[in-house]
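Data first, discussion second: the structure below is written as structure tokens.
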Amino acid sequence: MKLVFLGPPGSGKGTIAKILSNELNYYHISTGDLFRTNIENDTPLGKEIKQIVENGQLVPDSITIKVVEDKINTIDNRDNFILDGFPRNINQAIELDRLLENIKIINFLIDEKLLVKRLSGRRICQSCCKIFNIYTLPTKEKEICDFCQGILYQRKDDTKESLKIRLQEYNLQTKPLINFYSNSNRLNNIDASKNINEVQKNLMEIISKIEKN
């Protein structure tokens, strides 16, 4: 099944995508991870992406579409994967429909105040890039990774100032996707304000229903 996870930053779609990719053996394609890989490798594209992200802006469609399309073309099983962070707007959605058929959409619903709390509490390991949250997914030892004992840090775009810009961009560009997919009966809403285990359970129920139809 080809799944697209929609939702604002901080809705938990990335965390759930990683969990389900392990349980269902789906390939997890995260635009955020793809961008970070380019940044870490200091590619020309990575340098451009880094500047855009640090300014709290969304990466342009031309770059995003190319990165995602290239990645999809490299995976072995193109029938079972999760797209996390793509598409972000109508133009990207149209391009995705051109590339793939029978896409199912999961829309993560969550209150904006809770989003800010989640994102401002997010911490990432400098060594292994595992993601934690001081509010919802704390480490056993403060600011130390549970997996590799690396040092945790807060991304520049997770500060409250950058978050305001990111949420404004989301409301402007990504929210219209809800109507786009709802009109074609592909939208499946899920309450993302609950804890990870509950969200995962509810999502598995939705996936089961989709498979039966």
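Even glycines carry a Cβ here, placed using N, Cα and C.
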TODO: Report the candidate from Arg123, Arg155 that shares the AMP site with Thr31, Arg36, Gln57, Leu58, Val59, Gly85, Phe86, Pro87, Arg88, Gln92, Arg166, as recorded in Swiss-Prot.
DONE: Arg155
Task: Same ATP site per Swiss-Prot - residue from Arg122, Arg186 joining Gly10, Ser11, Gly12, Lys13, Gly14, Thr15, Ile131, Phe132, Lys194 - done: Arg122
Task: Tally of residues which DSSP labels helix, strand or coil - the region 'LID' (121-158) - done: 3 helix, 13 strand, 22 coil
Open item on the list: Among the binding-site residues Phe86, Phe132, which residue has the fewest other Cβ atoms within 10 Å of its own Cβ?
Closed with: Phe132
TODO: Based on DSSP, name the secondary structure state of Gly14 (ATP binding site): helix, strand or coil.
DONE: helix
Open item on the list: Could you check which of the binding-site residues Gly10, Cys125, Cys148 is the closest Cα neighbour of Arg88 (AMP binding site)?
Closed with: Gly10
Open item on the list: Are there residues at least six beyond either end of the region 'LID' (121-158) with Cβ under 8 Å to its Cβ atoms? List them, or say none.
Closed with: 10, 14-15, 36, 53-54, 56, 166, 195-196
- [ ] Rounded to the nearest Å, what's the C-alpha distance separating Gly10 (ATP binding site) and Arg155 (AMP binding site)? Just drop the number here, would you?
- [x] 13
